[in-house]
Amino acid sequence: MADSDSPGEELAIPFMACSICLNPYDQDEYQAKFLPGCHHSFCSTCLEAMYHRDKFFKCPTCRGTVVIPETGIKSLQANFYVLQILEAKTGSDGCRYHNNQLYSFFCKTCQHQICRDCVVLNHKSEDGHEIQDIKEATRTHRHILESRITKAENGIASKELQSRNLGTELSNLEIARDIAMHNIKKTFEGYISVLNKRCQQLSSDVNTTYERRAGLIQDHHQKVKHRTEQLQEANEECRDAIQSGRFDKIFTIASKMENLMNIENCSKTEDPENMDNYIEFDVKHSNEVFDNIAKTLGKITVDKKLPSNIKVVSPPGTAGFPLTIKLTVRSYSGEAIDTDQCPLAVDIRSPADVTLLAETKGLGDGKYEVTFVPKMSGDHRVLTRFHGKVIEGAEVLVSVDSNDPVMAFGKLGSEPGDLNRPTSITVAPDGDVYVTDYGNCRIQRFTPDVQVMKGDSRIATLADTIQAYTPDGKLISQFVDKEMKVPYALAINSRQHIIVSDFEEHKLFVFSKEGRVLKTIGGKGAEPGKFYQPTFISVMEDDSIIVSDAGNKRIQILDSDGKFVRFLASKRGSHQALFKRPSGVAVDQFGHILVADCENNIIKVFHKEGGLKSCIESLGNPLDKPRGIAISEDGFVFVIDWGNHCVKKFKYYDPSPAEIIV
């Protein structure tokens, strides 16, 4: 428990503030005053305000009528209990020369707080003392202190930045060390590989030399052995002839022996001329050369700056459109860092933690531009990498907004221009927009500037009969097929074949322009080429058919003959590419495929090859069960917002700038 002078002081502390304004009592502006009669206390400021409004007012505590003397609030008695507690609380804070009298002034000359008596006795103005009221002095010194606080905060921010940069410098130094160690190991492994090859070559040379020299010696050895045997045989014959004593034998053997000796004398000249057969590894000169080379193999240098200060500037982006962010890379001491000085790379991570393809362009002077196409809204992380490792403290968040509609038209109703559960939509070559107004049993035609025109259109699809009309609403032809149960949507290919999806029969009907059934495609099932509750369809430039296989939660792409080619997005793909219940589909002149997912309330844009390009989330103006979609040639898509009974127009593609393809 904190020390206190007395229990009474502790008990009084809750009553040391005005119950009206809650400001603590003091001996000046908020001095406690007794009300006459009830003796409840309030600060003089609040009492002055009440007195100014009404000369006769009620006590805020007891609601008794208060009569203030003509001399006003100033003449009311001060609450001496509060004054005593204030004096007790000030204690040693008062003037030590004049009985702890409150400091009411400040001597600018002496730079001391002083009391009223000090002004009169010790700090006279005629003696050169410049006196200032304590409140004014407080304001002056507060401004000085606030200025110093601002400077200190700026200094703290600067030091914190310096500290972060030093931390980044240390982290990058560690990366540089690891890379240097890796390069040393890799380089010397290469040297060792070269030395091993040289070792193998020398070993092979030794064996080759040995085999060659040994072969020569062995050949000569065989010749010597053969001559020796001949001489031994002739010598034995000579001994036998001498022992026999017969002239004819002695004469014959003597002639033979002479021939052998002549041959022996000749064979001495057949010895190998070079008998230097001492094989040894001469390394004396090599050791000296190798020692000199080894001392020059690589060196450690410290003559480049590390990227320690990364600054990223980015405008807010929009999902589906290229966003260019600017990076400035500096060393700790402020020098520009370019890619020729150290290997830098930039990664962009989506909110789903997917790495996006980004194009980095160096502008010189440590400045870079990084362009990428965000596929979805949310904060995207920009990671700057040094030697493939993320630079500490260089992670920055870039905000990406959802792609919201540029306009919307229609509302629930039955008047011209109103809509009730619209389903399908198409854009004519002249820009007019045709909307199937299902709930009102009509088709409405809108001009490009969304003015409603005649309430009929060319082809109605949500009936058992397929009907063709002119843009003015005149019936051209109609046909029906008894096998068709619930025709849902249609598309026309380049051969003027009319392809109709049947929701209940789970197949596609292909009609000639005269209304004759040419073929049916699919049937109920989950196998490729089979359907379950197919809804919207679209035809590509090569007459390939895109089918919204709603019940199977997938998009199938068939060739022009109706044979299965591929799924637009399978469960093995990115989670962003999966569908809950696909509905409207459309394809533009560049091959982009757009799909409305009516349960995810989102439009997904795919590249022709199938990769997800972007998502139209419309978080600022949410979709409610989007159905049919139609594309205009200038990069806009019209979306039927079934739940909101309207049509929304989105910009989804800008064909003018170069696009980054994933």
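Just so you know, glycine gets a Cβ as well, placed from its N, Cα and C.
Straight from TrEMBL, the features:
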- 18-63: domain 'RING-type' (DOMAIN)
- 95-134: domain 'B box-type' (DOMAIN)
- 302-400: repeat 'Filamin' (REPEAT)
- 409-449: repeat 'NHL' (REPEAT)
- 518-561: repeat 'NHL' (REPEAT)
- 570-609: repeat 'NHL' (REPEAT)
- 610-653: repeat 'NHL' (REPEAT)
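Counting Cβ pairs under 8 Å to the repeat 'NHL' (518-561), the top-ranked stretch among 302-400, 409-449, 570-609, 610-653 is 570-609. Stretch with the largest number of CB pairs closer than 8 A to the repeat 'NHL' (409-449), among 302-400, 570-609, 610-653: 610-653. When pLDDT is averaged over the repeat 'NHL' (409-449), the result is 92. Here the repeat 'NHL' (570-609) has Cβ contacts under 8 Å with residues 320, 352, 354, 375-376, 424-425, 535-541, 546-550, 553-555, 615-618, 622-631, 633, 637, 639-640, 642, 650, 652-653, 655, 661-662 of the same chain, all six or more residues outside its ends.
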